[in-house]
Amino acid sequence: MFIVENNKFAYSPGQLAKFFNPKSLNAFFAVGGLAGLEKGLQTNRESGLSVDETSVGSSVTFEEVAPKGVPKYGSHGDTVPTVKGDNPAAAAAANATAPAHDAGSAFSDRRRIFKENRLPEKKSKSLLELAWITYNDKILILLTIAAVVSLALGLYQTFGVKHEPVEGEEEGAGEGAKLEWVEGVAIMVAIIIVVVVGTLNDWQMERQFNKLNKKHNDRTVKVIRSGKSAEISVFDIVVGDVMHLSQGDMVPVDGIFINGHGVKCDESSATGESDLLKKVSGEEVYQILERVSRGEEAPHDIEKLDPFILSGSKVNEGTGTFLVTAVGVNSCYGRTMMSLHTESEDTPLQKKLNRLADGIAKFGGGAALLLFVVLFIKFLASLPGSTDTPDQKGQTFLRLFITAVTVVVVAVPEGLPLAVTLALAFATTRMMRDNNLVRVLKACETMGNATTVCSDKTGTLTQNKMTVVATTLGKSISFGGTDAPLDDDPSVKTEKSATNTVPNVPIAEFAQSLSGTVKKLIIQANAVNSTAFEGESEGEKTFIGSKTEVALLTLSRDHLGSAPVQEERSNSNVVQVVPFDSAVKYMATVVKLPDGKFRAYVKGASEILLGKCSKVIADASSEELSTVEMTEDDREMFSETITSYAGQTLRTIGSSYRDFESWPPPELAGQTELTAAEFDKVHKDMTLLAIFGIKDPLRPSVKKAIEDCKRAHVKVRMVTGDNLLTGRAIAKECGIYNPKEGGIAMEGPVFRRKTPEELKELVPKLEVLARSSPEDKRILVKTLKELGETVAVTGDGTNDAPALKMADIGFAMGIAGTEVAKEAAAIILMDDNFASIVKGISWGRAVNDAVKKFLQFQLTVNVTAVVVTFVTSVASDKEESVLNAVQLLWVNLIMDTFAALALATDPPTDSILDRAPDKKTAPLINTRMGKMIIGQAICQLAITLVLHFAGPGLMGYDMTDKDQAEHMKTLVFNTFVWLQIFNELNNRRLDNRLNIFEGITRNYFFIIINCIMVGGQVLIIFVGGAAFGIRPLTGKEWGLSIGLGAISLPWGIVIRKFPDSWAAAMTPHIKFPKLRFRKSKKKDEETSDDVDLQKKKDVSTDSESEERFGPPLRTLTSIRGKRASTNIRRGFREYMHDKKTQVKEKVAPGSTTNVAAVEPAAPVNGTGGVTEKA
């Protein structure tokens, strides 16, 4: 921090860090204030750094810039402070390991000394660590122990025992013992394959989410370099840069405030300070500190002097510039982030699946325990008459133990959490290509169930390429705006007002007829009353900023002969800026005129400004600026102009001004800091300058996207700041507003005055909300959620953050959105395009479908494999299952890992939008899925068990012949696997349509994985031999296996044709789809409200702004490992404790025992137990 080799600047990173944490005016004074920083960092507060800078030529020392007598290291005097790990040797080592900055690269010295604005990447887990996490699984460890014991016994039998033919058996039969060790090795190999495949999946997912994190952290910021404003990547900011501050910005680096207008920052996330902090110019603060150092009395509010800009804070009001003093790990935000390494939580779907998986695992565990008990009793009963040697008996016992353990392996669906994580990882990566950057993982799955979208108009439904196509200048001249209005809503027809008497001419004639004075007035009004600036975009010189302001500046430049906007601003003496406020819909700037008077320029919503005007420009061609009183006829005419423009889908912007003798005027009682609400006191008696009509064409893809939403039963509502006529006309053009179907259009002020009961009645029909404030948007979202809707909302402004947080899915604009809006949102629309939201809905549905497809497949195999193993083991004389442990592990690999990869990576099909979204309360397994699971399980059990028990008789196999008996077992195993392969195809569809191959050619994963599974099965049958306990099959047997396996496809058609209503009528008797494993009524309520609880948590905390993607590793169940145990809220003991207490209450209602603590309404603690009262 304090020791840097070859430092050409006056300060080390450690010295600059002394300003902050806590903020220190003493440290700021010690470095020489803003002037000292400017000189010491070799920069310029006006023009910023040079774009051509590579290395710094000259050196500056601390003594040259600091006030005389100030110690270099504060309380440490001139002795270098010793920070832990900060010594010359450590500094040299750090420099050696730091990224190399070539001497010729941009800002190489600054990057070398003050570091880059990046945080070191969190170290990813190595493959070995991931492998250990995957292996750290109770059942796999149990299997390993069994395999080791089996291998030891097998080796002893092979090499430690003399092998002789057993009496009564044919020659060579006893030699089978020579291969007893193979089973132990085969199980170990199977375990290794399971671990390796799981590890590679986890590693791949971690890489994908790291890529998303990098993309999420990157954004552009505005800096001044070589005297010009420019947009650069946040990673390219260096110490010494001069950065712009604008309302809504998230500050990425630390610095000192240079100057600006009304800048107030919210530093609650950085310091915990809840009040907005007003920023004071560094120069002004230094002058006060200098006077105090000379012995003058300190101002009473000296503690409130705050020139410090903290990284991680938000700019709530105002605009300005600041000098960057710390970046990356040296900034406050960087140091905080380095100490925090939070893992992401499971999504609601993952939690739901973990609970289901735990229930299934307990079912499998119970079945395995029962199987072990039955087989063990049979084993003990057979011991007295057995002729086996002790080691053979040991092997028999181990085999039945391994079979029971393997049933647990097969029954436990560790692929369920893997499937949802894979689907989310795959979908978020692909959504990035569709311009949806997913910040919060759960939004991806929630998006599929969205029932309504509240969309902004500008930039989302329209192209945000604004052009001034019509202007009415006072009463004397106008151009454009003569098209017929699109909006012809009969419900809002008004009587025609006074005829428009303003002459309409072509734009060239319009520009020529204006006098120099009027041109200058319009140019100055547009230039100073704006935050946009000149820059380059895609190689072309253009304006960067609000698109409305860009349109007005372009009109000034192209038709009115405006000088560069920076020059116009420099020539104007700006004394006050009132930032735009969405509550009053305008902004204002006050300039001092050459004659000593002051002029306030106001720009904003035309009908609001018209109401504040009492005068209007008289003659636009006169060199002398003259005004006349605005009559009622004039007011009606201008109002009709606004209506006409709005009806042509033009955004109307008003421009007005008023001259003052002094500033601030008497009405403002000497206030120096103004908000729009305070400016309202003098916002009257204005002179109307012009009404501009700005065209923002619809995006070409919007009409189709809204049609797709209707097809998907998703209601689209437009929420816009434009007036009602413009909003309604555009909504009708793109298909949102349908008055003939009962659709309502309303203005914000009317909407917010409604009672909650009126809102609930009104909102379902509301389609356009115009002149809306962010608070209106929040009320709309709240009402929709209370009506049970799953709400998606778009937003771009700082004030949209509450609505974005409250919505189920918040979409922030990637281009036009402020950083505060982006931090509050769950998904960022990189292209600001409404069509991208529809793609998000498709991918959200694809995620939910992928998990359900896999669940449907998984449960079918679970039921079949467990039942087949149980029945055949119990029926066998040798306590052997028809499917041995190694075969079951292969089936487990197919149905868990491979099937998860194949089914979770299906991209959305065109037909995915042809249905209504699922309700929040919809069960995980619906009737249609339950019908398919039970139907396919019956089919597979019938085929497998009939083949096993009746097959030898039907096909003429002699089961006393060892070779033929193994052939028969191989046939059953092969048929069972082919049944799963064909059923996987069958599970590509969840509905009752018959085309199971739809979109299969677009999913290369599915094709490749199925080829691997088929190839693996063929290889096993031909070369598996002793390891799998099988024999190679003949052509006829192969044909029979594949033929029987293929039966699941036509059987799937039969199941799909089976009426859902019949299946639903049978469901209460079967009770299969209700696999919820309830543990108490309270638990069930918690389960169903999980998503809402999570949302409340999100609204109440600001920590989501720091939420990042952690590596979503496979979460296993509580039987399989520790990673899911946090999701199981209640244990068996707590459950039994509750039940006992309830019984006691019933038996002894008058008992004096304190049972109040365990009443059903008692609060539930984090582990699911009941919190006792003191």
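Backbone N, Cα and C define each Cβ position, glycine as well.
Not measured: the values here are computed from a predicted model.
The feature compositional bias 'Basic and acidic residues' is assigned by TrEMBL to 1131-1147.
The feature compositional bias 'Low complexity' is assigned by TrEMBL to 1155-1164.
Taken from TrEMBL, the feature domain 'Cation-transporting P-type ATPase N-terminal' covers 106-150.
Residues or ranges marked as domain 'P-type ATPase A' in TrEMBL: 217-338.
According to TrEMBL, the feature domain 'Cation-transporting P-type ATPase C-terminal' maps to 881-1057.
According to TrEMBL, the region 'Disordered' annotation covers 1086-1174.
According to TrEMBL, the transmembrane segment annotation covers 139-159 (among others).
Marked as transmembrane segment by TrEMBL: 179-200 (among others).
Taken from TrEMBL, the feature transmembrane segment covers 360-381 (among others).
What TrEMBL lists as transmembrane segment is 401-427 (among others).
Long-range contacts of the transmembrane segment (933-955) within the same chain, counting only residues at least 6 positions beyond its ends with a Cβ under 8 Å from a Cβ of the stretch, are 856, 859-860, 863-864, 867-868, 871-872, 875, 882, 925, 968, 971-972, 975-976, 979, 983, 986, 1044, 1047-1048, 1051-1052, 1054-1055, 1058, 1070, 1072. The transmembrane segment annotation in TrEMBL covers 933-955 (among others).
Residues or ranges marked as transmembrane segment by TrEMBL: 1004-1026 (among others). Here the transmembrane segment (1004-1026) has Cβ contacts under 8 Å with residues 179, 182, 890, 894, 898, 901-903, 905-906, 970, 974, 977-978, 981, 984, 988, 1032-1033 of the same chain, all six or more residues outside its ends.
Only residues 6 or more beyond the boundaries of the transmembrane segment (1038-1055), in the same chain, are considered here, and those with a CB under 8 A from a CB of the stretch are 931-932, 935-936, 939-940, 943, 947, 971, 974-975, 977-979, 981-983, 985-986, 994, 996. Feature annotation from TrEMBL assigns transmembrane segment to 1038-1055 (among others).
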Overall pLDDT of the domain 'Cation-transporting P-type ATPase N-terminal' (106-150), taken as the mean: 81
Helix-strand-coil residue split for the domain 'Cation-transporting P-type ATPase N-terminal' (106-150), DSSP-based: 29 helix, 0 strand, 16 coil
